[in-house]
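One structure below.
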Amino acid sequence: MNIVLCGGGTAGHITPAISIYDFLKKLGHNPRLVVAQKDYNLIPNHYNFNSININAPGNILKNIAFILKFIPALFKAKEIIKKQKPACIIGMGGFVALPVLYVAKWNHIPIFLCEQNSIPGKVNRIFYKHAKCCYLTFTKSLEYMPKGKVFGNPVREDFFVVNRESARNVMRLKENEKLLVIMGGSQGALKLNELFFECIKPIQSKVENLRIVWLAGPKWANQMIEKVNIAKLNNITVHSYYRDMPTLMHAADFMVSRAGSSSISEILAVNLPSILIPFPYAANNHQYYNALDLSNKDMAYLMEEAELDKDKLSNIIIKNLNNNERLQTMRNNIKKNFTAKSVSSIVADIIDKLETDKIKIKK
C-alpha cells in the first residue's frame, strides 16, 4: 500500500521517519517521505521523497514567512497526496507536516502520529484528536496525549544487527580497554566542545586503558583536532561525525551526549550508560524532560549545561568508567525499561488498524 510519512526541520524528526520508511519498504509497501526543503541533504538519494518550502514560525519575520509560504505549501501537499493516493499519512512532527496533515484531514485519509519527545510538539498537539493513534516515546507524553501508546522512538534496524562483541572486535578493543564516546549533538556546540577538551587530561589520568572517540561536529572538528595535537594527547580520535554509529555505540562503555530523542533512542538500543546534556534552547525545553525521564529510572545521568564544569563532568565519567558494577546496573535498567523493536510494533499496529477499518467498511 502507498503510505506518506511527513515531518522534518531537524534530524530528530527525519531519523525515525527513515526507520519506519525502511521497515515499510522491507514489508513490500510503497512509502514516500515529505520533508522540508532544508532537510534535502538528510535524505539518501535512493529514497522516494518530496520537499515542501515551509519554515517554523517564531519571531515576527519568521511568522510573516510562515504565512506567505503556508498556502503554496497546502497546494503542494494536495498535489503530492492526489498523486500518491496514500492509505494513510504518518505525521512525524515539525511544521512541514502541518499542510500535509490538513490535506489528509480534509480528504478523510487516516492519520497516525509519532511523537519523539516528552513534551509533544505543536503540530502533533493540533492533530492529536484527529489521529487514529499517536505513538509516544516517553510516558510523560501521556499527560498531554492520554490516548497515545508508548511504543518508543523508531530506531534504524542496523542498531539491532550488531552486538557488543563483534563491535569491539571491529574497533580492535582489547578486553581490558574502555571506550568513551563524546558527542556534542549535530550542532556541535563550541562551549561543550571546549569543556570536553578540558576534561580529557583529568579523565585519562584516572582511567587506565581508555580510548576516547570524540564527535565534535563539522563546524568545530578541525579546531578540536588542532587542540588535541598541540596538547599531544594520545588514545583519542576526533571526528566531525562517525559513519558507523551502531558499531561505535555497541563497542562503547560510556557516552556523553545531547538529549535529543533520536540520540537517546540509539543510546538505549545498545544499552549504553550515558550522561545526557540537554540543549537548553530546544522547543518547550523538551530535551531536559527527555533526559529527566531516563534519569528518574537510573538509565542515564542528567546534567544541565548551565551547571556544568570540568570537575563535575570528569568526576562522573571517571567514577563510572572505574566501576563495572555501576555500568552493569545502568545497562540492566535500560534493558528493563526500553522497548527495542518500536518500529516493527508501530508499523504492525498501523497496518492492523487499517485492515480493521477495511473490514468495517465491507460490513
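Heads up, the Cβ atoms here are built off N, Cα and C, so glycines get one too.
Annotations in TrEMBL come from automatic prediction, not curation.
According to TrEMBL, the protein carries these features:
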type: DOMAIN; residues: 3-135; note: domain 'Glycosyltransferase family 28 N-terminal'
type: BINDING; residues: Thr10, Ala11, Gly12, Asn117, Arg156, Ser186, Gln287; note: UDP-N-acetyl-alpha-D-glucosamine binding site
type: DOMAIN; residues: 180-341; note: domain 'Glycosyl transferase family 28 C-terminal'
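Features as recorded by TrEMBL, highlighted on the structure.
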{"residue": "Thr10", "record": "UDP-N-acetyl-alpha-D-glucosamine binding site", "DSSP class": "coil"}
{"residue": "Asn117", "record": "UDP-N-acetyl-alpha-D-glucosamine binding site", "DSSP class": "coil"}
{"residue": "Arg156", "record": "UDP-N-acetyl-alpha-D-glucosamine binding site", "DSSP class": "coil"}
{"residue": "Gln287", "record": "UDP-N-acetyl-alpha-D-glucosamine binding site", "DSSP class": "helix"}
What number of additional C-beta atoms lies within 10 angstroms of the C-beta atom of Asn117 (UDP-N-acetyl-alpha-D-glucosamine binding site)? 29
Inside 10 Å of the Cβ of Gln287 (UDP-N-acetyl-alpha-D-glucosamine binding site), count up the other Cβ atoms and send me the figure. 29
Across all protein chains shown, the one of the binding-site residues Ala11, Arg156 with the most other Cβ atoms within 10 Å of its Cβ is Arg156
Neighbour count (Cβ, 10 Å) for Thr10 (UDP-N-acetyl-alpha-D-glucosamine binding site): 23
Report the same-chain neighbours of Gly12 (UDP-N-acetyl-alpha-D-glucosamine binding site): residues 6+ apart in sequence with Cβ closer than 8 Å to its Cβ, ordered by sequence. Gly93, Gln116, Asn117, Gly260, Ser261, Ser262
The domain 'Glycosyltransferase family 28 N-terminal' (3-135), counted residue by residue under DSSP: helix, strand, coil: 66 helix, 27 strand, 40 coil
Within the predicted model, mean pLDDT of the domain 'Glycosyl transferase family 28 C-terminal' (180-341): 93
